[in-house]
Amino acid sequence: MKRVNVVVTDLDNTLWDWLRMWHASFEPYLNRISSEFSIPLPELKKDFRNLHKRYGTSESSYVYKELTSLTEEQKSKVDVRNAKGMSILHEYYHLKKNNLELYSGVYETLLKLKKHGVLVIAFTESNAFFTKQRLEHLKLDGLIDFVYSPIDNGKPTSVDRFYPEDHWEPKHTQFRYLSKGTLKPAPEILEIILKDFNASKQNTLYIGDKLDKDVSMAIDADVFSIHAAYGSNTDSKIYELLKEVSHWTDEDILREAKYNKDNGDNPIPSLRLEKSFEEILDHFEFFPFDEINYHENVSHVITIWQKTIDVQQHFNDIELRIRNIALTTFTFIIGAIGFLIKEGFSVKISELEIPLSTGVAVTGLFIMFAFFYMDRAWYHKLLIGAVKQGIYIEDRWAHKLPEMRLTHAIGKESPHSFYKDKKIHSRNKYYVFYGLLFLTLIIIAIISYFLDPVSSTLNDR
């Protein structure tokens, strides 16, 4: 019996029934828009296909404001509740959420794999955003160790965000991002995934529902290939609708049709799962993944983390130097103002006599603002970027290297209790620093303007 300690799996139509979820939500969405706004279905399907191609995914249907077949007035009604209390868009989201289900036996099988210490990795074409949503909804966070997924296109400008940007971030499963538009078959990426963990091909399985993408890729990468035949549903009317509106190119569709038709020429998987994912338990002996090999990469991670800490220190040092120079300049300005007040220098503009000390104080405000802008809008942003990267590395490796927590420790100790246990954080501390300088110069400018010393104008001298 083949011994296995690494399982690489596809997600859509392998672990969960993506096609059923998509059809159960998109078809009512399509039909309601067509019927309520009197748009012919062929025209609307073509419009959706263009939209999906633009974003490189058949899940961009929610970007309805970019459909060219709808008027602006019609678009404004898509998100408006009807007599039943559910807008077209709300119903679409509702149906997507409530029709997403794991295939039978998937959850239990993943639990058993984890108990055996098997490393479980997912490799998907689906964008990371939607994949994170599904991991959360299906409670798979932590059952899958790593997910390799294309990076998102970003939020369309026409779409409002309902949740914070990190709302769907998993707590345990780690994401590794591929370039936008990554498509299978990509045997070179599968090779890279295995190299990332120093995994042995002899002890690795790859599972997927597509013969032309998943199985052929595994064969080309010389990995044991398993066809999730239970998830291959390309002959149904459901699949026909997907092909009509999908972002897939005509070449993609023709290639898949050829694979489905020419059975004799199809890649032959090493194993077929006819009914469920859990059938793999009957064919293999699973054993713990040897993390010692994996941790040959740890030295590189530590080097990167140390460099990130160095960058944090670098930008923090620059900010302290800026504030030191600002304070030195402030002291010089205060000295100059004191001298001018003592000497009583002023300048006469028309009938208005303005103390030079006031002018220097106002000039000092502009100079202090220049320091503040350089500090706040320039180097502090770079420091924050370095800190976020440090947090990312530490969170990603916390379960393996718990000692690597310097960024977190500094962040925890940084807040200062200011008044009645109200804490002020580093991102606001410079407001206190520069605020005191600004306030001092403003007060001096006002007082010096209204002083009435024995003075002489520059013209008199």
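Each Cβ is built from the backbone N, Cα and C atoms, and glycine gets one as well.
Through the fold, the transmembrane segment (325-342) approaches residues 355-357, 360-361, 363-364, 367-368, 371-372, 375, 434, 437, 440-441, 444, 448, 451, 453 of its own chain, all at least 6 residues removed from its boundaries and within a Cβ separation under 8 Å. The transmembrane segment annotation in TrEMBL covers 325-342 (among others).
Per TrEMBL, the feature transmembrane segment maps to 354-374 (among others).
Annotated transmembrane segment per TrEMBL: 430-451 (among others), in sequence order. Cβ atoms under 8 Å from those of the transmembrane segment (430-451) belong to residues 319, 323, 326-327, 330, 333-334, 337, 340-341, 354-355, 357-358, 361-362, 364-365, 368-369, 371-372, 375-376, 380, 424 of the same chain, restricted to positions at least 6 beyond its ends.
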Contacting positions for the transmembrane segment (354-374) when only residues 6+ beyond its ends and CB under 8 Å are counted: 322-323, 325-326, 329-330, 333, 336-337, 340-341, 344-348, 430, 434, 437-438, 441-442, 444-445, 448-449, 451, 455, 458
